[in-house]
Amino acid sequence: MYKIAFIGLGNMGGPMALNLLKAGHALAVFDLSQAALKTLGDAGARIAASARAAADGADIVVSMLPASRHVEGLYLGEEGIINGLRPGTLIIDCSTISAQSAIAVAQAAKAAGVDMIDAPVSGGTGGAQAGSLTFMVGGPAEALERARPVLLGMGRNIFHAGGPGAGQTAKICNNMLLGVLMAGTAEALALGVANGLDPQVLSDIMVKSSGRNWALELYNPVPGIMDNVPASRGYSGGFGVDLMLKDMGLAAESAINAKSAVPLGELARNLYALHSLNGAGALDFSSIYDWLKKKGK
């Protein structure tokens, strides 16, 4: 078992940290939310006064933060915790950030004698709670093998995408596709409903036809079609529109850097941007269905 510092206890990080406690690891945790800290403290984690204090003496540092600037702020610069880590410490960053930021942190870690992998996740809050996440890992194979027991405490599937930053590239490709699929699925269902079809019947037809996809089959955007999805609880919880917009922005940035055309990704990103501007930023991204229905009236 490892001494682990866990930084970032939000909707994803909190359940992930709890699963590491259940796996028997010793955790020191830090977050700006006192409620999140209390939940982990009540479960047996040591509450630290700062990220640096949490990382003091840790074998492994796991971070799950909202954006590139937060990850860079945690690790880099004079206040960055890399400077205080023991040589040989392993960093596992599970945040979804730009590949460039992941590479910058990996380079700083290497210079300090610290190993690092970028290991963004797929599976959502349900996967975080169930311990069934998929990890897309960038970094040295040796560092991944050190991280594997910890990752398996939080998930089931681990893919080594390549060198530093490769995990982030894989993640943003996946999420760009997810955003496109959800927008297309919502559009097709809204079209069917506008023409008098029962959305349940149409969903059943498409699940058994060539339009079958994850958004349709496991995360249907029409209220009442599926239990235990955001659409059936007012689009609350789940993966927010603004988070999808952030990830699709990362994909657009990556496309510019790589000189790769992503016309469908850009069209879908614009739809989510308009949806967010209408006040839906905190709603689950499947609420794009509701926006499309209203736009058609």
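Even glycines carry a Cβ here, placed using N, Cα and C.
Unlike curated records, TrEMBL annotations are generated automatically.
Sequence annotations record features per position, and here TrEMBL assigns active site to Lys171. Summarising the annotation, TrEMBL assigns domain '6-phosphogluconate dehydrogenase NADP-binding' to 3-162. Under the heading domain '3-hydroxyisobutyrate dehydrogenase-like NAD-binding', TrEMBL lists 165-291.
Taken together, the residues in the domain '6-phosphogluconate dehydrogenase NADP-binding' (3-162) have a mean pLDDT of 96 on the 0 to 100 scale. Taking DSSP states H, G and I as helix and E and B as strand, the domain '3-hydroxyisobutyrate dehydrogenase-like NAD-binding' (165-291) has 90 helix, 2 strand, 35 coil.
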